[in-house]
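As recorded in TrEMBL:
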- K10, R11, A12, L13, R14, R133, L134, G135, Y136, G137, R138, G139, F140, Y141: ATP binding site (BINDING)
- L55, E60: substrate binding site (BINDING)
Amino acid sequence: MSDGDIDARKRALRGKAMRRRDGLDPSDRSLDALAITRHVLAFLPDDGSPVAAYLAIRSEVDPALLVSLLRQAGRSVGVPAIDGHELRFRIVRDDGPLEPQGFGTRAPGSDVPEIVPSVILVPLLAFDAAGRRLGYGRGFYDRAIARARGNGRVLAVGLAFASQLVEHVPTDEHDQTLDAVVTENGVLVPTAAVSPSR
Ligand SMILES: Nc1nc2c(c(=O)[nH]1)N(C=O)[C@@H](CNc1ccc(C(=O)N[C@@H](CCC(=O)O)C(=O)O)cc1)CN2
Ligand SMILES: Nc1ncnc2c1ncn2[C@@H]1O[C@H](COP(=O)(O)OP(=O)(O)OP(=O)(O)O)[C@@H](O)[C@H]1O
């Protein structure tokens, strides 16, 4: 299958997955985010290492409570800022100013120090049981995860509502598979053998 076909399949799934997630009831989303927070806290290595989270947009799983609990536990937490084609994870501070980043996202400015995360919490539109993930289609997270993996051990953990699970996410060679996906139902650790996607 050509890359063009994969891109077209991704685009079709992206639209469908966005509509499905946007259609979830907001109070269900809040309750599910609470359950996801509990599952993540039980699952993450309790080693005080830095964690990359994100500032939720649209109907994403909102990790805000998780971020404050991790910070209260003394961990550095970063959120993504776009720097050219790369994401930098800048430290979250109380009431620190945020700059608009496009697509409704905001981030701490370039004066704010970066973290090198040992865990990256990843937003997504759809995932499958093998840990394949679909994002907004700019490849930012694929590049960030690939770079972090190139520099050492990192756990890429998707945060998702269980209803975002699909049969199969089409992938190309750039796509990074998640080490785990946490939903309101618990932690999904993908089975080792990831079958070829095409
Ligand atoms: N909460 C959150 N923060 C995040 C991400 C995310 O997925 N979720 N990102 C994960 O990557 C990065 C931001 N991703 C972006 C993705 C697309 C565009 C963008 O401008 N997209 C379109 C506009 C489309 C539209 O408005 O409908 C464009 O190409 O012009 C900007 C940022 C970093 N921060
Ligand atoms: N490591 C990489 N190097 C170069 N290009 C890449 C890399 N990763 C992804 N891309 C390119 O970025 C574009 C978007 O990728 P893709 O559709 O996989 O994004 P996504 O996973 O849906 O979104 P995101 O990672 O931004 O949340 C594709 O054209 C892909 O080829």
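Each Cβ is built from the backbone N, Cα and C atoms, and glycine gets one as well.
In this structure, the binding-site residues that sit close to ligand 2, with a C-beta under 6 angstroms from any of its atoms, are F140, chosen from A12, L55, F140. Largest Cα-Cα distance over the residues recorded as binding ATP, namely K10, R11, A12, L13, R14, R133, L134, G135, Y136, G137, R138, G139, F140, Y141, equals 20 Å.
Not a single one of the binding-site residues among K10, R14, L134 has a C-beta coming within less than 6 Å of an atom of ligand 1.
If you take the Cα of R138 (ATP binding site) and the Cα of L55 (substrate binding site), they are about 17 angstrom apart, rounded to a whole number.
Neighbour density around each Cβ, counted as other Cβ atoms within 10 Å, peaks among the binding-site residues K10, R14, R138 at K10.
Spacing of K10 (ATP binding site) relative to E60 (substrate binding site) is 18 Å (Cα to Cα, whole number). In this structure, K10 (ATP binding site) is part of a helix by DSSP.
Cβ neighbour count for E60 (substrate binding site) (all protein chains, 10 Å cutoff from its Cβ): 18. Under the DSSP three-state reduction, L134 (ATP binding site) is assigned to strand.
Counting every protein chain shown, 20 other Cβ atoms lie within 10 Å of the Cβ of L55 (substrate binding site).
Separating the Cα atoms of R14 (ATP binding site) and L55 (substrate binding site) is a whole-number distance of 20 Å.
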